[in-house]
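Q: Before I ask anything, let me first share the structure, which is written out below as structure tokens.
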Amino acid sequence: MLSPNRLAASPGIAVAPGRAECGAFPRTAGAAPRICLPFVLILLALTPRADSSWWYIGALGARVICDNIPGLVNKQRQLCQRYPDIMQSVGEGAKEWIRECQYQFRHHRWNCSTLDRDHTVFGRVMLRSSREAAFVYAISSAGVVYAITRACSQGELKACGCDPLKRGRAKDERGEFDWGGCSDNINYGIRFAKAFVDAKEKKVKDARALMNLHNNRCGRMAVKRFLKLECKCHGVSGSCTLRTCWLAMSDFRKTGDYLQKKYNGAIQVIMNQDGTGFTVANKNFRKPTKTDLVYFENSPDYCVMDKSAGSLGTAGRVCNKVSRGTDGCEVMCCGRGYDTTRVTRVTKCECKFHWCCAVRCKECEDTVDVHTCKAPKRAEWLDQT
């Protein structure tokens, strides 16, 4: 049975026809520069608890997180206190996946912007159960897996090291090889990420929790999808008669690219009648698989600043005059038009290598037009704030 005290807060989440209590469900929220501890405590005391506060580990030290952030559930707090070195990796991973999110959405109206001095990191935009929230939960979970697995292989953590199962001989399409080197222990990264990240969602049984759990799993599995076999050849003149191989994670960009494609193909769902799973909102679409991102609510258009939706708007954003894609001025500026400014850029050019060990370049100036989206009319902006 779904938790009744979390009903009716989010009219945008639909449920399949059925019993009356399977109505609407609430939504969940989720880097900032270093700030003093008293301010952090005041900030946290005034912030709703329903968020992914662990995202803020990228901005604060592990000790402060463990002791003072109320958004962590007991299991997360226990893991944080027991494995402070892993929390350090989680913090570094948070910075990495946020950068990747911003790279993937750099040409979109919503550009994965973060809020300074806000431990929810993304603000109210994560309250809506949108495809943007689906992407953020997936890539954040993937980021934890990636960061912990990498730290294991680099010998930075007490609890793990290289994959202990990759020993002896094995075979691939090229023939037999010996396991050697240091295979990335991705299964440990997945297990810890699941235990830590999913802990909060498992405390409740509502629609948003199920959505988050599903998308968290998509993110974890995305990292594993891009494990690659790397080998070193042995033999006369490197003839590769013998090979030593190990499993290594690919660059995190591949995971980001993959999840971006999943974002574009995300499937809108509604809760089934007994509240234990999903069904597609539109019967003309296929059912979601374990590798699909799912969401409940349509996204706002992100055209104008809307504090209630967490939208910063697109006024002042740089756009591409000739593009017909999401970075094009027509799409990015939502039909409001754009301003053009001529600017002079200084770049390095005519670079030459000088013996030994120096590259010398000239500085060249060129003039380019920069197009930025116009602000909405005052009345239009006031309607959204």
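A Cβ is built for glycine as well, from the same backbone N, Cα and C atoms used for every other residue.
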Q: Can you look up which of Cys240, Cys245, Cys373 is joined to Cys333 by a disulfide in Swiss-Prot?
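A: Swiss-Prot says the disulfide from Cys333 goes to Cys373.
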Q: Quick one: which of Cys351, Cys356, Cys357, Cys364 does Swiss-Prot link to Cys349 by a disulfide?
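A: Matching partner in the record: Cys364.
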Q: Sort Cys152 (disulfide bond) into helix, strand or coil using the DSSP assignment.
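A: DSSP assigns Cys152 (disulfide bond) to helix.
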Q: List the disulfide-bonded residues among Cys101, Cys112, Cys231, Cys349 whose C-alpha is within 10 Å of the C-alpha of Cys361 (disulfide bond), in sequence order, or say none.
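A: Correct set: Cys349.
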Q: According to DSSP, does Cys231 (disulfide bond) sit in a helix, a strand, or coil?
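A: Once the DSSP labels are grouped into three classes, Cys231 (disulfide bond) ends up as strand.
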Q: Counting only residues 6+ apart in the same chain, whose Cβ is under 8 Å from the Cβ of Cys303 (disulfide bond)?
A: Arg109, Ser311, Gly313, Thr314, Cys334, Arg336, Pro376
Q: Just to confirm: which same-chain residues, 6+ apart in sequence, have a Cβ under 8 Å from the Cβ of Cys101 (disulfide bond)?
A: Cys112, Phe135, Val136, Ile139, Gly256
Q: Tell me which residues of the chain lie with their Cβ under 8 angstroms from that of Cys333 (disulfide bond), as long as they are six or more apart in sequence?
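A: Same-chain residues close to Cys333 (disulfide bond) (Cβ under 8 Å, separated by 6 or more) are Thr314, Arg317, Cys319, Cys373, Lys374.
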Q: Expressed to the nearest Å, what is the distance separating Cys182 (disulfide bond) and Cys240 (disulfide bond) at their Cα atoms?
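A: Between the Cα atoms of Cys182 (disulfide bond) and Cys240 (disulfide bond), the distance comes to 19 Å.
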